[in-house]
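Record features (TrEMBL):
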{"type": "BINDING", "residues": "116-117, 141-147, 166-170, 235-238", "note": "GTP binding site"}
{"type": "BINDING", "residues": "147", "note": "Mg(2+) binding site"}
């Protein structure tokens, strides 16, 4: 029995289900609808909340924008963020997302906490707001549901049975699993390349990429994993390629003096150095 430990990796769990299982059932797609709704409106709220902190004002009709913002905040306050968007709410969200001030704040999203999927969903509000909306596999992949505890997935490949354990990488989650997997066959360690200029949710003084490097180093040199294969998975390359053009890699790696096109290789090198240190 081969077992894989996956560190905060819903993407890996998603791919295993698509490739090695029967995929998603109609009921599965239905169950993800409220998650998409919530992720979308929560992302917009995160942007609106950050605007006064960053000294950014609405760029269009301020009175209308304030009313639209109040409508969005009221939905959150009533805990109705998992419900389908009403026509009025959808129109308000579209106006807000089109506002130049909101877009300016979104462009500075590395300065506050915002889901990576914000632009993906907010750019497609008409589709999400349709009465017959059903999530796609891409929508499901983009959703954000915090991993708490240990989630176990079983699948078979070439007559071999696999168990994959998906665990939370947050500091508060690590104590739940770090000593439980000394006999695993492999660890899949996932690092979001786009997080090089972001800080942790639980500690806004710590860079996310630097935290990943420290965690990777602790796992590579942990006595429980001496004989364990370690697979490094760098994801969110598309978001990274967009971000690196306006947000320098020196935010995370001050010693880097190369061009933005060489930044991917630099991140790979930094993580590889942790492996052999």
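Every residue gets a Cβ built from N, Cα and C, even glycine.
Curation plays no part in TrEMBL annotations; they are all automatic predictions.
Take the CB of residue 166 (GTP binding site) and look out to 10 A: across all protein chains shown you find 24 other CB atoms.
Counting every protein chain shown, 16 other Cβ atoms lie within 10 Å of the Cβ of residue 236 (GTP binding site). Using a 10 Å radius centred on the Cβ of residue 145 (GTP binding site) and all shown protein chains, the other Cβ atoms total 10. Of all Cβ atoms in the protein chains displayed, 17 besides its own lie within 10 Å of the Cβ of residue 142 (GTP binding site).
DSSP gives residue 142 (GTP binding site) a helix state.
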